[in-house]
Structure formats: structure tokens, C-alpha cells
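Inspection log for the structure reproduced underneath, given as C-alpha cells.
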Amino acid sequence: MKGDTKVINYLNKLLGNELVAINQYFLHARMFKNWGLKRLNDVEYHESIDEMKHADRYIERILFLEGLPNLQDLGKLNIGEDVEEMLRSDLALELDGAKNLREAIGYADSVHDYVSRDMMIEILRDEEGHIDWLETELDLIQKMGLQNYLQAQIREEG
């Protein structure tokens, strides 16, 4: 089914955001693991996998709309050098992605591509959940102090 060119462009932009997130979160997860921060490793690793699932959905939708998924134009990874910087980098990436999603959702709705819109709304819910988690973790660092926060990250999630 031939899709709206601008919807496909939005989907490719969102795909690019996901590809950056996959790599950034995966590297952050492994850095956390290397530092012995098991809980942060677990959460970041699962976020990386979630972003991969989002990317897969974008790729399938782009192909369905007879577009070509762009996996070559990757944005810049912002890899932090310490825990707080890493969480802030991830938050900035998520906030930018959510902004792009809202814009794309509005456009898809305006051209009556309700399937793309609904898919993006589902993904936005996931992204907002990750934003909330990141904001909470950064708030905990401020309230508890970094050393107490880090001590709490040694345990495994769950």
C-alpha cells in the first residue's frame, strides 16, 4: 500500500531515534554492569531491547507503506562518563524522541493514517514511561546523594 511520503519520512526519522537509543542504552547498560551496578544494567539493557522492538515496528510499517527504511543516517550517541551524566543523556534522547513522536502523530492524524498514528501513540506511551523512570532516578540522586543512590543500584532489578 502506497503511503504518504511525509508519514514515511517521519517514520524514518523516528527509526533513526530508535537506532541511536538502542546503541546508547546498550553501551550504558554494559558500562553499568562493568561498574557493578546491576539494577541500572538490567533496566538499561531492557530499555535497549524495547527500543529494538520499536525500531522493528517502524521498519515493518515503512515497508508496508512501500517506503525504504533508512538504517544508515544515525544520529550522535551521547555516552556519559558517570551515572548521572548517563541518565541525563538518556533523558535528553527520550525527550527529543517524544517531541518528534508527537509531531509525527499529529501529521499522521491529519492525513488519516490512523494505523501509523495508533502505532506511534503506543510507542509514545512506552517512551513516556522511560522518561518518568529517568526523571525519578535523577530526582533520587538529588534527594539521596550520589553515593547512597549508587549503593542502591548494586542489587538486581525485580
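Backbone N, Cα and C atoms are what each Cβ position is placed from, and that goes for glycine too.
Summarising the annotation, Swiss-Prot assigns Fe cation 1 binding site to Glu18, Glu51, His54, Glu127 and lists experimental evidence as the type of evidence. Residues or ranges marked as Fe cation 3 binding site in Swiss-Prot (evidence: experimental evidence): His46, Asp50. According to Swiss-Prot, the Fe cation 2 binding site annotation covers Glu51, Glu94, Glu127, His130, on the basis of experimental evidence. Feature annotation from Swiss-Prot assigns heme b binding site to Met52; the stated evidence is experimental evidence. Annotation comment: Swiss-Prot describes 1-145 as domain 'Ferritin-like diiron'.
Swiss-Prot feature annotations superimposed on the structure.
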| residue | record | DSSP (3 states) |
| --- | --- | --- |
| Glu18 | Fe cation 1 binding site | helix |
| His46 | Fe cation 3 binding site | helix |
| Glu51 | Fe cation 1 binding site | helix |
| Glu94 | Fe cation 2 binding site | helix |
| Glu127 | Fe cation 1 binding site | helix |
Inset, instruction - Which residue among the binding-site residues His46, His54, His130 has the fewest other Cβ atoms within 10 Å of its Cβ, if you could check? - result: His46
Inset, instruction - Mind giving me a neighbour count for Glu127 (Fe cation 1 binding site)? Other Cβ atoms within 10 Å of its Cβ, every protein chain shown. - result: 23
Legend entry - Cα within 10 Å of Glu94 (Fe cation 2 binding site) - qualifying binding-site residues among His46, Asp50, Met52, His54: none
Inset, instruction - Pop the Cα-Cα gap between Asp50 (Fe cation 3 binding site) and Glu127 (Fe cation 1 binding site) into the table, whole Å please. - result: 10
Legend entry - Neighbourhood of Asp50 (Fe cation 3 binding site), C-beta criterion under 8 angstroms, separation at least six: Asp126, His130
Inset, instruction - Please spell out the DSSP helix, strand and coil residue counts for the domain 'Ferritin-like diiron' (1-145). - result: 116 helix, 0 strand, 29 coil
Inset, instruction - Around the Cβ of Glu51 (Fe cation 1 binding site), how many other Cβ atoms lie within 10 Å? Please give the count over every shown protein chain. - result: 27
Legend entry - Other CB atoms, at most 10 A from the CB of the residue listed as 'heme b binding site': 15
Inset, instruction - Round to the nearest Å and give the CA-to-CA distance linking His54 (Fe cation 1 binding site) with His46 (Fe cation 3 binding site). - result: 12
